[in-house]
Amino acid sequence: MDKKRKRSRSPEKTSTERRDKKRYRVEAITPPALDINNYQLVKKLGEGSFGKVMLASYAIKKQHVALKIIEKEKEMSHKEIKTEAAILRLGRLCPFLIRAYATFQTESLVLYVMEYARGGTLHQLIKQKGYFRSHEVRFYSAEIVVGLQFLQEYGVVHRDLEPENILLNKEGHVKIADFGLACVHEFKGSKAYNGISGASGYMAPEVLANTAYNASADWWSFGVVVYEMATGKLPFSPDGTSKKQLETIMNREPYYPERVRPELCDFIKQLLKKDVKQRLGVCANVQDHPFLSSVNWRNVKKLRLEPPLKPRIVSAKLNLAMALSIPPELT
Ligand code: AMP
């Protein structure tokens with residue numbers, strides 16, 4: 001007698017019903033990446049406007065990730081959280097943006113699981129070196145430009161571009177991070193009243209004046225970052241109220257040390273045009289400026305340019321003092 005028994009299939013069930021049932025069963029299981037218990041916190045990497053960023057080890061893949069932890073009750077609105085999560089998903093499509101592997105929530109926290117940029121920040125690299133030479137400025141500028149132009153393709157204005165938010169991977173390539181203040185314009189290039197937002201010293205005059213703005217604001221902040229790479233300093237004083245900062249910007253021109261090459265000087269001057277309509281990035285493509293004319297953009301996008309500076313790799317060892325400041329829910 002044949003002992004094998006075939007599972008009988010109910011004749012009334014259509015194949016679609018069977019597929020739906022199967023799909024339902026799959027969805028009912030929480031994927032390991034979305035389970036907080038699969039992450040072991042190692043140390044604090046930094047603190048942004050809306051939450052902590054922790055280095056964590058993802059047990060399933062034995063991989064280090066950066067975990068951004070936002071307390072739901074804090075100032076960040078539901079819309080802002082959704083915008084940041086959506087932009088982090090875009091990171092899969094551009095090598096110069098930090099990407100998210102997963103986003104999930106618990107009762108009181110929102111968590112973004114992000115790739116871990118282990119080369120530190122551009123801010124640390126500038127501090128370490130004092131200032132960059134022309135070819136070094138060109139390398140970082142080119143990678144940031146590709147990242148910013150990619151965001152603009154999707155109507156995204158970062159609004160908080162500064163060296164602390166420009167991270168480096170272990171090879172030294174750029175990874176733009178922190179989309180907590182970013183906004184999305186429905187129509188690419190349109191302007192909106194988005195309020196005064198960003199880091200002191202990096203905000204464009206139109207932002208400080210609380211008028212309508214768009215990606216022009218990011219090109220100004222980029223100009224400040226380029227100035228900082230070339231000189232180690234900020235072009236305008238970041239002190240005082242927004243009104244005072246605006247006054248300083250409108251009445252003064254930055255000082256350019258003699259060692260800053262004329263093409264680089266002009267590049268910064270075109271980005272720091274106080275009149276939005278005359279600003280590089282708005283009136284002309286940044287890629288076409290003579291300072292960047294030698295750049296092979298295809299190679300930049302394929303990560304073929306050799307980073308000129310090796311970042312200091314941040315240790316992934318447990319830091320107990322930092323671990324003590326972990327939210328109780330995660331311990
Ligand atoms: P944020 O809240 O995104 O501004 O992050 C605050 C700080 O955490 C940054 O300035 C970095 O020093 C650090 N950080 C954020 N995201 C990452 C990441 N993906 N990898 C490594 N460090 C990060």
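Placement of Cβ uses the backbone N, Cα and C atoms for every residue, glycine included.
Copied from TrEMBL, the annotated features are:
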type	residues	note
REGION	1-23	region 'Disordered'
COMPBIAS	1-19	compositional bias 'Basic and acidic residues'
DOMAIN	39-292	domain 'Protein kinase'
BINDING	Lys68	ATP binding site
*So how many other Cβ atoms are close to Lys68 (ATP binding site), meaning within 10 Å of its Cβ?*
26
_For the domain 'Protein kinase' (39-292), report the average pLDDT of the model, please._
92
